[in-house]
């Protein structure tokens, strides 16, 4: 028996491999795989059910139908193994060879492989340099192609129609050779000399100048070189032998009633064989040409359908009008081999059930129904029963378990102890969607879940179901316990904050417990400690909220672990003293001496984790939960209708609003305001009224009057249940209370526009029919949105995972000095995100210098933890250069220092961590919370849009950056630069506020000036763009001819006249070439020069500019010469939410992108064309100018003669990330994408760490375009992997040769996924056919670097615990050791493992 096992093992041995190569199969190769030719289309004999000989299921070719038994039954049993039966010709072996052995069909006529023909760009077409239409006409026997021209005037590859061919035959006879069909194409491909062709093309490439031609040549050269290097022969793209899939992979299953269910492939193969045999017969009979041709065409079509049905012409359908599933369909799409069977498999040993609350569980436990546990752990129980000698055989054990004898339950208890199970809730959006717990057996049929892990699973108990999986092997159990246990996943990988935070009841309980109340029972007592506080509370001598003095002993520990103990009498409340009893030692009392809301509790857990570590935090979290539930139950905070107090002022406010609306309506009817203005104003009025009602209501709800001990009335925070729920963060929000007790306010239509009649009622008063009807609009839209959102969000996550899946931490330090400069995110007057939050957990890229000195505050390569961040804050540092994955120099993967802290663990990241997948999940998981809609700016929003001044909020000093200004006669500054930034610095040098100052703004105070809070520092008119003069002098009109370039207009109200410059479209013939301008001259009439240049001060005026000055008037620097009216940006739609995130990651170019200056230099305008202006930028160093045509309707931000820097905005609009990368570099584009994505998430209140977005950006920047190949093998204009280019350049630099130069490319995530090095990963993502075709032609090797490829080939992934295994393999390979394959059979190994496990279980008894 042992020998037999050894033999079996030898059969199933897998070779260790490092890479997978895909290439074209040559006919000989196909024959070498084959075990015989399939000659007949028959499948099985319908009477005997035996396979027909030489048919598609033939036992002689493919192997026996039953194990170790030949077809005719002469040889049965194992002893005849390997014998070939002389009667039926079947080899006696296992039947599973029918899954492995292939057959083949010898085609009577060559056939083109449809993938290489039709998959665009057509490989055959590109190789032969013939259009696809022509090749198809040849293949499907419509025309001839010349193969050898001989001495005639016919070109090779020339297409001839039937008539032309006959004419040529008459004229030249046998001089030339022309054929039709696949034979012709095959002959053409065979005759190609690839290397010679390559040389010719390279020469052509050097000579040609046309861009399109270059592109085409490069494509052809790449393809030819791929063929040469891979050893593929072009003629192999034409099939002469067709392989036949093993029969068990295209089974034929008998159904009841004598019918059969068959795989579609059998039908397709039958067609091919039938047509092939018919063609052979016709050729033997020497049938007329036309019949043979027709048959050949039919054969070509049959082979096409087998390989890829529906790719050409109509798909071949089966009996039920459904297209047949071809070989290509088997592998592509969601139901294909890749996604259905290789990347996601079904799991045995799993169960699922509804979940319910387990409030008494510990954090690492889950309640598992006994019935389910018994089923899941059956094999373990059988083993235990046998081991104990309670059952003699497995069968007996089975019976015992089925009878559910008492001993079985005892054994189940033992088996389950210390054996973790995995719980998973679909959809698993991030890695916390599967966690491990220790099961506790419970009665009933529902799984019990610990309430604190609900946030991670996004679970609630309204009928959610969860799946249970059992890790079987020791390794799996170890990983479940060490890595996946719920107690090890306290922090969220997305932002590093605790994810095990109490919510709802628990928060309410703690909040209620820690509130204080004036004049409560027992106020003013002095207690000896928390124990006494609890005693008097239980005895009913004092209320929970009573303000008392308590003696507290606290041990305060800082992050270094030093601790000091101090005892003091503290003013606090009874409830807080009781809560202090569960707080672990080492935290200060101040942490509970406050009303605890959700934020405070989260902060408390975070502090606890940072100071005390994992174990105390877990215990503390559990205690918080138990306490919270207990006191929430005691609080009796329930909601009654009287809790929704409607403010008395409501009626008055609504009345006022209605009068205002009526007034506006009158103005509209008398024609004073436009319809649009009326609508906007009405909406503004109602929005303001709603705010006022809400404010009145909240003021009313949030405080109550009480009498204190001295009999004086004072106000205290209200104990209204609804208010407490919202205030603590347990449930509900001010906006929801507003709908209950204020007014519902304005509603939106499904298209997002606002209905102008608001709902003045609230839910307590109830809605009337009209109000209810208006409400339904929004509600239904919400439901429809949610459904769409889920699908879109899931697809975004899938693309993100796909692009980042191969990014793993592979080394400790790449040694780079590059990084990105982090500053706090400031919008207007608010610090949206302080510097501390942005740099926490990053590594410094260079020393941080103490502001105002030369001392080093933080050395280079320091991981900034909480301590360092405190130091930065104390010294008010406001920018730090930190390492980033975008600038990491590691070739494949990233280094730990560039990534920084592992957010879910709180220390620097470990090698082998799959940061790419974590990033993708962190960005994708909150996707369902983002909105789907496009916002219309209307009403309230548009008011904010047209700002006209900057008012600072805090006291401090001003700091202007990128500023140019002139001082006008009044001594004020007039800004003449485009992207000026104004910052407000406090006395510690920290940036508090930041604003953009537009061109032409007037500022009373300049750089460095002190300002008070609330002071207005800049003013401008938002509706016009001024032209500001930088010099003083007299105005001289140039080319300002009345009626030709300008026209006079008189304002009806004021009677003032002004000149308006005509648009070039409105000018008459002679005025077209004139360029109206204002020159500034001195008293003598000489040109005044612009300070610091030798250019005369003259200001060209664009069309529509308004001039209110007369010729010859004296003006001073900083005066406005002309005004250009700005069309208000109107109601532009802002794409928000999920679509915006998708657009950013797909790097889509916006519809009308901002135009950026390509080079630095001076602006001027060249000759105009009909619809466009010519913008010319002349560099200051006098090199060649850059020209660009810009449509006339685009508003330009620059005037003639202005100096711009490369990358400055010339015309406003959304910026295109590609332009930013080209003109401002990698860091600018990283910053842009990060900030824009964060903006969307910040609106929804979702926190995601920047580094996740940077990880995705790094993957988008993987490719570069070669500008100059140097001594490398790259082609100019070729897109190559950056890591490849860098490696090649390093090698060349070492040899002292010319390195390649390149520009970085930004690819969208879908494109980047498809352009990955690994063809297996790309094929399993999208466009499987195209990817595989391309890879096969190039003979690509997949190095199996990423996670996906390794999952697909069935290996451990090179990340996490599999990282060590792969490193070990690499090391052995480098040392040239043979792979260690244990010479044990599978059965032996299982037996050994069972012994080990059982031994382990046996010892547990004691």
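Cβ coordinates come from backbone N, Cα and C, glycine included.
Keep in mind that this is a model prediction, so the values were computed, not measured.
According to Swiss-Prot, the feature Zn(2+) 1 binding site maps to 70, 72, 85, 88, an assignment based on sequence analysis. In the three-state DSSP scheme, residue 70 (Zn(2+) 1 binding site) falls into the coil class.
The Mg(2+) binding site annotation in Swiss-Prot covers 460, 462, 464 and is backed by sequence analysis. In the three-state DSSP reading, residue 464 (Mg(2+) binding site) counts as coil.
Using a 10 Å Cβ-Cβ cutoff, residue 888 (Zn(2+) 2 binding site) registers 25 neighbours. For 814, 888, 895, 898, the entry in Swiss-Prot reads Zn(2+) 2 binding site, with the evidence type sequence analysis.
Across the fold, the C-alpha of residue 72 (Zn(2+) 1 binding site) and the C-alpha of residue 460 (Mg(2+) binding site) stand 63 Å from each other.
Secondary structure from DSSP puts residue 898 (Zn(2+) 2 binding site) in a helix. It is 898 that, of the binding-site residues 88, 895, 898, has its Cβ surrounded by the most other Cβ atoms within 10 Å. Long-range C-beta contacts of residue 85 (Zn(2+) 1 binding site), restricted to its own chain and to partners at least six residues apart, with a cutoff below 8 Å, comprise 70, 71, 72, 74, 75, 91, 92. Shown are the binding-site residues 460, 462, 464; the one with the most C-beta atoms within 10 angstroms of its own C-beta is 464. The least crowded of the binding-site residues 70, 72, 814, judged by other CB atoms within 10 A of its own CB, is 72. Each of 71, 73, 74, 75, 86, 87, 89, 90 belongs to the same chain as 70, 72, 85, 88, is absent from that list, and has a C-beta within 8 angstroms of the C-beta centroid marking the Zn(2+) 1 site. Cβ atoms within 8 Å of the centroid of the Cβ atoms of 460, 462, 464 (the Mg(2+) site) belong to the same-chain residues 355, 459, 461, 463, site residues excluded. Comparing the Cα of residue 898 (Zn(2+) 2 binding site) with the Cα of every entry in 88, 460, 462, 464, these being the binding-site residues, the smallest distance points to 460. Of all the binding-site residues listed here (88, 888, 895), 895 has the Cα closest to the Cα of residue 464 (Mg(2+) binding site). Using CA atoms as reference points, the binding-site residues 88, 460, 462 were checked against residue 895 (Zn(2+) 2 binding site), and the closest is 460.
A straight line from the CA of residue 460 (Mg(2+) binding site) to the CA of residue 888 (Zn(2+) 2 binding site) spans 41 Å. If you take the Cα of residue 814 (Zn(2+) 2 binding site) and the Cα of residue 462 (Mg(2+) binding site), they are about 50 angstrom apart, rounded to a whole number. Here the CA atom of residue 888 (Zn(2+) 2 binding site) lies 46 Å from the CA atom of residue 462 (Mg(2+) binding site).
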